[in-house]
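For reference, the structure discussed in these notes is given below.
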Amino acid sequence: MTVAAIVPAAGRGERLGLGRPKALAVVGGQTLVARAVDGLIEGGVDVVVVAAPPGDEDAVREALDHRRATVVTGADDRVGSVAAALDMLPATTEVVVVHDAARCLCPPAVVRAVVEAVRSGHRAVVPATAVADTLKRTGPGGQVTATVDRSGLAAVQTPQGFAAATLRAAHEQARVRRGAGEPVAATDDAGLAEDIGVTVVTVPGDPRAFKVTTPLDLAMAEALVTAGPA
Ligand code: CTP
Ligand code: MG
């Protein structure tokens with residue numbers, strides 16, 4: 001059974017603000033994309049396809065060096081980048097995980113747990129963690145209109161795992177809906193699977209699978225790498 005990974009790495013990293021794609025930012029001497037790919041391979045993935053920012057394909061290939069990964073051209077948004085990589089997966093692929101390059105310190109154990117849950121028969125699996133902050137609903141002027149009951153809420157990370165046919169069907173529906181001018185609100189691949197009626201299950205996530213989004217996140221990643229394995 002082939003386990004493949006798709007790594008969306010085609011974002012521009014506007015919030016990080018380095019003036020170059022976030023996937024090429026460096027933590028502890030290694031790019032985010034290289035770290036993400038290493039974690040996936042250590043987690044037992046056989047095939048990796050990385051979606052690179054258009055125009056930066058060669059830079060991503062260079063960052064990946066000798067790693068067993070194929071680089072494809074990404075798209076304007078994450079859904080499109082994942083779809084481009086999905087087209088490149090070998091036909092033998094039975095399990096696919098989609099993992100943000102930006103979650104570069106995700107422990108391989110999380111990858112294994114997600115893959116295992118798909119292998120055991122779940123069609124869509126996401127790592128989830130508890131929400132730490134109190135959540136409020138706010139109105140247009142910023143005033144609080146309600147406190148959201150936190151029980152039953154989870155913060156969801158990547159890698160998100162799918163039976164290959166499920167991920168393909170989910171992206172196909174998103175493509176058709178977009179083609180028809182319908183909005184696709186889902187912000188992750190599990191959301192697209194939910195849209196076609198698939199039940200998504202959770203496995204325990206890990207704080208180290210946090211997404212590098214801002215300069216503070218990059219500093220946190222650097223500190224974690226310097227501190228060594230936890
Ligand atoms: N991504 C992608 N293609 C896009 C946009 C995002 O492959 N068109 C990827 C990013 O490279 C990242 C992941 O999706 O690994 C999560 O996106 P995000 O954290 O928003 O990254 P960026 O879009 O690069 O950051 P920003 O929104 O601050 O520009
Ligand atoms: Mg983005």
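Every residue, even glycine, has its Cβ placed from backbone N, Cα and C.
TrEMBL annotations:
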type: SITE; residues: Arg15; note: site 'Transition state stabilizer'
type: SITE; residues: Lys22; note: site 'Transition state stabilizer'
type: SITE; residues: Arg150; note: site 'Positions MEP for the nucleophilic attack'
type: SITE; residues: Lys211; note: site 'Positions MEP for the nucleophilic attack'
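Features as recorded by TrEMBL, highlighted on the structure.
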| residue | record | DSSP (3 states) |
| --- | --- | --- |
| Arg15 | site 'Transition state stabilizer' | coil |
| Lys22 | site 'Transition state stabilizer' | helix |
| Arg150 | site 'Positions MEP for the nucleophilic attack' | coil |
| Lys211 | site 'Positions MEP for the nucleophilic attack' | coil |
Next on the checklist: Distance check, please: Cα of Lys211 (site 'Positions MEP for the nucleophilic attack') against Cα of Lys22 (site 'Transition state stabilizer'), rounded to an integer number of angstrom.
Outcome noted: 11
Checklist entry - Under a threshold of 6 Å between Cβ and any atom of ligand 1, which of the recorded sites Arg15, Lys22, Arg150 are retained? => result Arg15, Lys22
Checklist outcome for this item: Ranked by how many other Cβ atoms lie within 10 Å of their Cβ, the recorded sites Arg15, Lys22, Arg150, Lys211 are led by Lys22
Checklist entry - To the nearest whole angstrom, what is the C-alpha distance linking Arg15 (site 'Transition state stabilizer') and Arg150 (site 'Positions MEP for the nucleophilic attack')? => result 27
